[in-house]
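**Q** Swiss-Prot lists these features:
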{"type": "COMPBIAS", "residues": "47-64", "note": "compositional bias 'Polar residues'"}
{"type": "COMPBIAS", "residues": "86-96", "note": "compositional bias 'Acidic residues'"}
{"type": "COMPBIAS", "residues": "104-115", "note": "compositional bias 'Acidic residues'"}
{"type": "COMPBIAS", "residues": "116-127", "note": "compositional bias 'Basic and acidic residues'"}
{"type": "COMPBIAS", "residues": "249-260", "note": "compositional bias 'Basic and acidic residues'"}
{"type": "COMPBIAS", "residues": "268-290", "note": "compositional bias 'Basic and acidic residues'"}
{"type": "CARBOHYD", "residues": "Thr134", "note": "O-linked glycosylation site"}
{"type": "CARBOHYD", "residues": "Thr138", "note": "O-linked glycosylation site"}
{"type": "CARBOHYD", "residues": "Thr143", "note": "O-linked glycosylation site"}
{"type": "CARBOHYD", "residues": "Thr147", "note": "O-linked glycosylation site"}
{"type": "CARBOHYD", "residues": "Thr152", "note": "O-linked glycosylation site"}
{"type": "CARBOHYD", "residues": "Ser234", "note": "O-linked glycosylation site"}
{"type": "CARBOHYD", "residues": "Ser308", "note": "O-linked glycosylation site"}
{"type": "MOD_RES", "residues": "Ser24", "note": "phosphoserine"}
{"type": "MOD_RES", "residues": "Ser63", "note": "phosphoserine"}
{"type": "MOD_RES", "residues": "Ser81", "note": "phosphoserine"}
{"type": "MOD_RES", "residues": "Ser105", "note": "phosphoserine"}
{"type": "MOD_RES", "residues": "Ser117", "note": "phosphoserine"}
{"type": "MOD_RES", "residues": "Ser191", "note": "phosphoserine"}
{"type": "MOD_RES", "residues": "Ser195", "note": "phosphoserine"}
{"type": "MOD_RES", "residues": "Ser234", "note": "phosphoserine"}
{"type": "MOD_RES", "residues": "Thr237", "note": "phosphothreonine"}
{"type": "MOD_RES", "residues": "Ser239", "note": "phosphoserine"}
{"type": "MOD_RES", "residues": "Ser270", "note": "phosphoserine"}
{"type": "MOD_RES", "residues": "Ser308", "note": "phosphoserine"}
{"type": "REGION", "residues": "41-290", "note": "region 'Disordered'"}
{"type": "SIGNAL", "residues": "1-16", "note": "signal peptide"}
Amino acid sequence: MRIAVICFCLLGITCAIPVKQADSGSSEEKQLYNKYPDAVATWLNPDPSQKQNLLAPQNAVSSEETNDFKQETLPSKSNESHDHMDDMDDEDDDDHVDSQDSIDSNDSDDVDDTDDSHQSDESHHSDESDELVTDFPTDLPATEVFTPVVPTVDTYDGRGDSVVYGLRSKSKKFRRPDIQYPDATDEDITSHMESEELNGAYKAIPVAQDLNAPSDWDSRGKDSYETSQLDDQSAETHSHKQSRLYKRKANDESNEHSDVIDSQELSKVSREFHSHEFHSHEDMLVVDPKSKEEDKHLKFRISHELDSASSEVN
């Protein structure tokens, strides 16, 4: 950018410097000037009004281009682009001032110099147009699409319970007002859409009430209710089984306890019976020696009496 600015400044300076006619002209030019002095003078010194008329359309074109570019540019342009535009405007002003000064001061210049100045101005404008096109900002903000805020209603204007189809139908409803009312404002469209959606909701609610088709939520609720009933029944059967097993275990334990008690009582009775028999046997053993002694004593008495009787007989 700096190099381009320096080049434009140099071009403006060279155009502003008056060009003096060389005295050492060729012989042919001198001959032509001597033969046709008036024609050469008019050819070398054109009317300044003609120059202004020639430069006016070019200046108008350049000003129109700058105005169009300013209208197209947005406020989100970077500082570098602003600085560049300011520099280009300053250069344009300097070039126009220099061109006017050269027109006023170079009334006696050659037509070739004017042609060179015109060519330099054209090249300057062409360079400006190229630079303006290349410096166009690339990161333009996208146009914001207005989406009206509408209260959502859980009524689906489509097949069954498909949410996607209902959303598509709603999007179609959103697009219809743009086609039917091209001159309407955003507020009118939103109010119209809200009224249409509310009317559609009131129409759809009684239809949905009249329909008795089972939905996914109903089927899910029934399945969950059936599974809960099955779980409750299984829990009840399990509890009944556990109670029965517990009763059986309690009965078995009570029977075992009663059997143990009966066996203990029988063992006690048998022990008592055996002890009684043992005591009776011991008593019998104690009585027998006494009877033997008495028998012996009786036998002794009987034998003694017999002896005494026999002795008396003798």
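Cβ atoms here come from the backbone N, Cα and C positions, even for glycine.
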**Q** Rounded to a whole number, how many Å is the Cα of Thr237 (phosphothreonine) away from the Cα of Ser308 (O-linked glycosylation site)?
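**A** One finds 106 Å between the Cα atoms of these residues.
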**Q** Rounded to a whole angstrom, what is the C-alpha distance between Ser308 (O-linked glycosylation site) and Ser270 (phosphoserine)?
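**A** Ser308 (O-linked glycosylation site) to Ser270 (phosphoserine), Cα-Cα distance: 57 Å.
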**Q** May I ask for the distance between Ser270 (phosphoserine) and Ser239 (phosphoserine), taken between their Cα atoms and rounded to an integer number of Å?
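**A** Cα-Cα distance, Ser270 (phosphoserine) to Ser239 (phosphoserine): 46 Å.
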**Q** Counting by DSSP, what is the helix, strand and coil composition of the compositional bias 'Basic and acidic residues' (249-260)?
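**A** Counts, helix then strand then coil: 12 helix, 0 strand, 0 coil.
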**Q** Would you mind checking how many other C-beta atoms are within 10 angstroms of the C-beta on Ser270 (phosphoserine)?
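**A** For Ser270 (phosphoserine), the count of other Cβ atoms within 10 Å is 10.
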**Q** Would you mind pulling the DSSP three-state label for Thr237 (phosphothreonine)?
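**A** For Thr237 (phosphothreonine) - judged by DSSP and reduced to three states - the answer is helix.
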